[in-house]
Amino acid sequence: MITRRHLMKTSAAGGLVAASGLAAPVIAQDARIRLGYVSPQSGPLAAFSEADSYILEGFRASEAGSNFEVIVKDSQSNPNRAAEVAGELIIDDEVDMILVASTPETTNPVATTCEAEEIPCISTVAPWQPWFIGQQGNPGDPASWEPFFYAHHFFWGLEDVIDVFTAMWGQLDTNRAVGALFPNDGDGNAWGNPEVGFPPVLEAQGYTLTDPGRYQNLTDDFSAQINAFRQANVEIVTGVPIPPDFTTFWTQAKQQGFAPKAASIGKAILFPQAVDQLGEAGHNLSSEVWWSPSHPFSSSLTGQSAGELAAGYEAATGRQWTQPIGFVHALFEMAADSFARTSDAGDPDAVAEAIRAAQLESIVGRIAFDGAGLPPFAAQNVAKTPLVGGQWRRREGGGYDLVIVENGSQPAIPTGGTMQPLG
Amino acid sequence: MIWIDTLVQGVLLGGLYALFAVGLSIVFGIMRLVNLAHGDLIVVAAYLILVLVSLTGLSPFVAALLAAPAMAGAGWLLQRHVLNRTLGTDILPPLLVTFGLSIALQNALLEGFSADSQRLPAGPLATASLDLGAVTVGVLPLLTFASAIAVILALNWLFYRTELGRAFRATSDDAVTASLMGIRPATIFATATAIAMLVVTVAALYLGMRSNFDPNIGPARLIYAFEAVIIGGLGSLWGTLAGGIIIGVAQTVGAAINPEWQILAGHVAFLVVLLFRPRGLFPRAVD
C-alpha cells in the first residue's frame, strides 16, 4: 500500500540518487525540527490565544527551543480554517509535528487531519470527551470507537468538573437543589447528557437537578429559566453558557430577585475580563481551575515555576494571567521532550511512540499516557491533568482574583481560602 | 403569576427589539434600502460609547449623547457618498455593498478592539429592580422600553408634523415627483440615514448595558430587527414596536414551555404573521 510516508521516503531516496533533479520533497535537511502550531488567534475564541506570542518567545529563547523552528497558524476560530491550515503545515511547511490548542473547534479538525496524514500531533485545552468522542465516526456508538496512532491530547474531563463542582457545593450549607443552564451546543449537550453528564452523578450524590432544557446561544431573555429555578427553590446554579448569555442571565437574575447561594459556571467566567464585565455581581462566582500561578509545578524547559511564568506574562503584557498560559507552555514542553527521546525526528511513527512514552513533570503537572482515571478506549491517546475549583474574589477598587477553594482530589495544589456563599 | 411575569418580560424584551428595528425601518421605509450592516452599525456605536466612557469616565448615558452626533454624521456621509450610489431599480447592489460593509466593520473592530467581549458599565443600575407586586422587573429593561416609545413618539412627530417629515414621506412615495417639487432625494436620503444612526446609538446604549458585545455579535441582532419591521408593516413605526413585542412575547412564552423553543417561537410567530398578513400588521398606505 502506498501511504504518504512511504511515498516520501522512497521519493526522497530517489531524489538523493538523482541528485535532486526531480522536485522531491525535502526531509529534515535543516538540522532544526519543524513544529507547526495552530490556535485561534482571531475571532470569538481569540482570548484563549492571548499569551501565544509570549509563550513562543520564551520557547525560542530556551535552550531546547533553539533546536526547533515553530510555524504559527491562526485558525480564525473557524473549524474549517483550522483543518485547512493543518493541511498547509503538513504539505507546504513539511512540519515534523503539529501542536494545537483551545476548544474542540480548533483541536478536533487539526487532530483529525494529522491522524489522516500520519503526522504526530499533541493537543490540549479541550475536555477529553469532546476531543476523543467528537473525532469518532459515530459518536453515539461506543463499540465503534477507535484509538488514534498519531493524535494525542492532555487535559481533564467532564468527570473532573463534576467532582470539583460537587465538592465545592459540599463546602456550603444548601438544600442541594441545583439549576442547570445547558445551551444547545457541544458543551451543553455533553454536560447535560443523561448518561455521561451531570444528571446521573448529581442524582447519585443526593442533589436534585432542575434542567429547563437546551436553549440557543445568544438568547436575550432568561426569565423562563429564572422562574423554573425559583419554583424549584434552587440554591445552586451551574452550567456552561457562553459569556454574553451568562451576563444576560446573571443580570436578569439579580433584577428579578433570584439569589442562589452558589453559581459554578464553566466557560463563561474563565477569563478575568469576562468576570470584570459583571461589575460587582461577579464576586464569589465559582469555576473550574486547570492552572494557576499557585500550582506547585515548574517548567521542564526553562525551570520557571508556574508563578514565575504568570508574573513574566503580566510584566510583559500588562494584562492579568489567564489559565491557557500554562497549557500552551506545556504543549511546547511536550514537543521538546518527545523529540529529545526520539533518535529520528523525521520518522513520524517513532515520534508518536515517543509522545506516548512521555513521563513529563510539566508546568501543568505530570503528563503521562498511562490511562490513569480514563476508560480503556481513551487510555492510549489521552493524559489527564489535575483540576481544582476556584472562586473569583473582587479586589478593593475593581478587578477580580481567582482564589482556589477546592483541592479535594489534588491535595498538592494549595488552596487560597474556602468556598464562600454568594452574598 | 409566572404567566404574568412571562408576558411582562416578553413585552420589555420587545422594547429592545423595537429599538434595534426602528433604524432599519426608517431606512427601509424611505429608500427601500435593506441595510445588512445595521447590526454591525449598532455594535460600532456601542464601541464608540465604550471608548468615550473609558476615556472620560462619563456615565454611558452622557457618552451616548456625545456619540449620537458622531454616528449621525458618519451615517450622513455613508449614505451620501456610498449608499446613494447603489440605489436604483436593481435591488442587488445595496445588498452587496451593505453585506461587504458588515464584514469590513466586523474585521475593523476585531483589529482595533480584539475579540474580548465588552460591556458598558451601568453601575448599580444594571441590577436595580422595581417590585410591582405581581412581578419584579428590572429598571434597565423598563428604561429600554420607555426609550423605545420615546424614540417612536419623537420620530412620528418628525415625520407627520414637520416640513422635513413631509419631504421624507414625499420622497418615500415618489422620489421623481418629489424632486420636481424642489426636494433633493440624495440629501433627504442622507438625512434619513443620519436620523437612523441616532436611533442606532440609543439601541447600542441599551444593548451594551444589557449584556456583553464583541465585534462579531452584530449579525445575530439583525434578524430580530428585520422580523420586527416586517411584522409591523412597512413604514409604520408603531407597527415596528408591535412587531418587536410580538417576537419578544413569543420568545418568552416559548421558553416558558421549553427553552429549546425560545428562539424558534419568535421565528414561528414571524412566519404566522407573514402567512395571514403578508404586508405586516399595520402597513402604511399602499406601496
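Yeah, the Cβs are placed from backbone N, Cα and C, and that goes for glycine too.
TrEMBL lists B:12-34 (among others) with the feature transmembrane segment. Outside the transmembrane segment (B:12-34), and at least 6 residues removed from its termini, the chain residues within Cβ reach (under 8 Å) are 41-42, 83, 86-87, 91, 94-95, 98, 137-138, 141-142, 144-149, 151-152, 155, 168, 171-172, 188-189, 192-193, 195-197, 199-200, 202-203, 206-207, 210, 221-222, 224-226, 228-229, 232, 234-235, 237, 240-241, 243-249, 251-252, 284.
Taken from TrEMBL, the feature transmembrane segment covers B:41-71 (among others).
Taken from TrEMBL, the feature transmembrane segment covers B:91-110 (among others).
Residues or ranges marked as transmembrane segment in TrEMBL: B:130-159 (among others). Long-range contacts of the transmembrane segment (B:130-159) within its own chain (CB-CB distance under 8 A, at least 6 residues past either end) are made by residues 1, 4-5, 8-9, 11-16, 18-19, 22, 26, 122, 165, 168-169, 195, 199, 202, 206, 209-210, 237-238, 240-241, 244.
What TrEMBL records for B:186-207 (among others) is transmembrane segment.
Taken from TrEMBL, the feature transmembrane segment covers B:228-249 (among others).
What TrEMBL lists as transmembrane segment is B:261-277 (among others).
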Chain residues in Cβ proximity to the transmembrane segment (B:91-110) (below 8 Å; excluding those fewer than six residues from its ends, i.e. six or more beyond): 32-41, 43-44, 47, 82-83, 215-216, 218-219
